[in-house]
Amino acid sequence: MKAGVTAWWGLAVADFRERVRRPAYLVMLISAVGLGWLAVPPTDARWVVLDAGGHRGLYTSAYVGLVTALTSALWLTFVGFYLVRDAVARDVRTGVGQLLAAGPLRTPVYLAGKFTSNLLVLGSMAGVLAVTALVLQLLRGESRTVDPVGLLAPFVFLALPMLAVTAAAALLFETTPVLRSGFGNMLWCFVWMAGAVGGQSASAPLGGIGVGQLAGTMPATADTFGLGLMYVDRPLRTFEWSGLPLDAGFVAGRAALTLLAVAVALLPALWFHRFDVATRSTARSLPEPHTVYQGLPPTAAVAGSATGRLLAAEVLILVRGAPWWWWAGAALLAVAGLAAPPGPVLAVVWIWPVLLWSRLGTRQETAAILAAYPAPRRRLVAEWAAGVLLAAATGALPAVRMLAGADLPGLAAWTAGALFIPALALALGTLTGAPRTFQALYTVLWYMVINDVAALDFMGALPSGGPPPAAVAGAAVALFGLAFGVTRLRHARR
C-alpha cells in the first residue's frame, strides 16, 4: 500500500515538474493573469463576467474570489483540457511508457498519477488566479479588508471540482482509442459548450458548475443571472455579497462531483494496458538483423522547377491516411449540396476536412528531412496551396451554384474563406507543432458562425453581412506571413 502511494505521488510530481518547464505553461500563467483582470474589471467598465440581474457585488474578498473562480472554471475547463491532454502521448513519444510498462507499476496507479499531474497543472493556474484576485481587490479599492477564507472558498468548492472533471476527461480521452484522435479534440468543444450552458442550471447533475446555489444569495433570478463575458450599456448597480452558502447539501454535491472525476480517471484501467506490447495480439517477434544500406554520397541540388510535383506531393501528404468513410462522407455532403442553399452547405462541408487541415505545419517528425529541402519557402507555399485546394474541392459545389446564380459577393467570401482556413491551420501548426490547437479554435469559430455570429463569418455562410472578403483574405495573408517568418527563422538557426 505504501509503495503504491509513493509511486503514485512520485509519478504525479515528476510529471508536473516536467510540464511546468514548457513555454506553453508560462503562456497559460500569463493568460490567467489577464483573465483575472477581465473577471474583475474597473468600476466604470462596460463589460462584466457575472451579471446578477443588473447588479454586481462590491469587490470584497468573497465576491472577487467568486468571479475569478467562476472564470477559471469556464476558461480552464476548455483551454486547460488541450494543455494537459498529452500526458500519455508524451510517454509514448519519449519511450518512458515502455520503461514503466516493464516495471511493477500497476495501471490504476499510473492513471492516478497522470490524473493528479493534470490536476496539479490546472490547479496551479487556478492558484495564480487566486493571487491575481487578491491583488485586483486591493487595486480596485472598494474593500481593502482581506478575508482569506472568503477569497479561497469559491476556488475550492467551485473551480476545483470542475478542474478535476477536466483532468479526468483529458485522461479518459487519451486512453480511449476513438477519442484520442482529432475527433476527440473537436468533441470536447461541444461537450464543454453543453456543460458551460447546462451546468449553470440549478437542476444540473451534482450542482453543475455550482452557480445554481448562488441565485438565492443575489438580487437575481435564474432567468436574469448571466455568466460569461458580456457588454453592458452602463455600469451595474452594486450590492454586498455575503459569500458562498456552505451548507451540507452544497458541500456534498461538490465532493460527489470530485469523486466522480476520480472514478472517470480510473475507469480506463478496464481496457488501457499502457505500453506493454507483449499483451497485444498483434505483437510479433523482432526481425532478423540485416546490413544497413549507407546510401549514395551527397550531391548538390540541381536547379530547376519542380513546383507541380511539389504541390502534388503536398496534396498527397495532406490527404494520406484518410479512411474510406471520410471520402464517403465528403461525397454525401457534395450530393446534399445540390439541393440545400449554398451558405449552410458551405458551413457543413468546411467542417468535414478539419482533421486534415490540422496537419498543416505540424510535421515535426520530418523536420530534419524538410530542412534539407533547397527552397523551404516554396515548400511552405505548396503546403498552404494544398490546404487551399482541399478547401476548394470540398466546397466546389456551393461555389458552382454561387457562380451560376451570379452571386459574386458570395463567391468572393468563398474565395477568402478558402484562403483563410488553411492559412490559420498552417500558422497555428507552425507555432505550436500540434494539430489540437487548430482543431479546437476552428471548431469554436465554426460553431459561432452557425449560431449567426455574423462578425466571425469568414466563409460567407450567413445571409447577413460578415467581414469584408478583402479583410478575411488579408488575415489569411498575414497568417501565412506569420508561418513563413517562423519557418524562415527556424531554418536560419539550423
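Note that Cβ sites are derived from N, Cα and C of the backbone, with glycine treated the same way.
Features as listed in TrEMBL:
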TRANSMEM  24-40  transmembrane segment
TRANSMEM  60-84  transmembrane segment
TRANSMEM  119-139  transmembrane segment
TRANSMEM  151-173  transmembrane segment
TRANSMEM  185-203  transmembrane segment
TRANSMEM  244-271  transmembrane segment
TRANSMEM  324-357  transmembrane segment
TRANSMEM  380-399  transmembrane segment
TRANSMEM  411-432  transmembrane segment
TRANSMEM  444-464  transmembrane segment
TRANSMEM  470-489  transmembrane segment
Stretch of maximal Cβ-Cβ contact with the transmembrane segment (24-40) [cut-off: under 8 Å; candidates 119-139, 244-271, 324-357, 444-464]: 119-139
Dominant neighbour of the transmembrane segment (151-173) in 60-84, 119-139, 244-271, 380-399, 444-464, by Cβ pairs under 8 Å: 60-84
Proximity of the transmembrane segment (470-489) to the transmembrane segment (411-432), 3+ C-beta pairs under 8 angstroms: yes
Candidates 60-84, 119-139, 244-271, 324-357, 444-464; stretch with most C-beta pairs under 8 Å toward the transmembrane segment (185-203): 60-84
Chain residues in Cβ proximity to the transmembrane segment (119-139) (below 8 Å; excluding those fewer than six residues from its ends, i.e. six or more beyond): 12-13, 16, 19-20, 25, 28-29, 32-33, 35-37, 39-40, 59-61, 64-65, 68-69, 71-72, 76, 80, 83-84, 146, 151-152, 155, 159-160, 163-164, 166-167
Long-range environment of the transmembrane segment (324-357) - Cβ separation under 8 angstroms, sequence gap at least 6: 181-183, 186, 318, 387, 390-391, 394-399, 401-402, 407, 410, 414, 417, 421-422, 425, 435, 438-439, 442-443, 446, 449-450, 459-463
Considering the transmembrane segment (411-432), which listed stretch of 60-84, 244-271, 380-399, 444-464 counts the most C-beta pairs under 8 Å: 380-399
Same-chain residues near the transmembrane segment (60-84), Cβ under 8 Å, at least 6 residues beyond its ends: 19, 24-25, 28, 31-32, 35-36, 38-40, 49-50, 117-118, 121-122, 125-126, 129-130, 132-134, 136-137, 140, 142-143, 145-148, 150-155, 158-159, 162-163, 165-167, 169-170, 185, 188-189, 192, 195-196, 209-211, 214, 227-228, 240-244, 436-437, 440
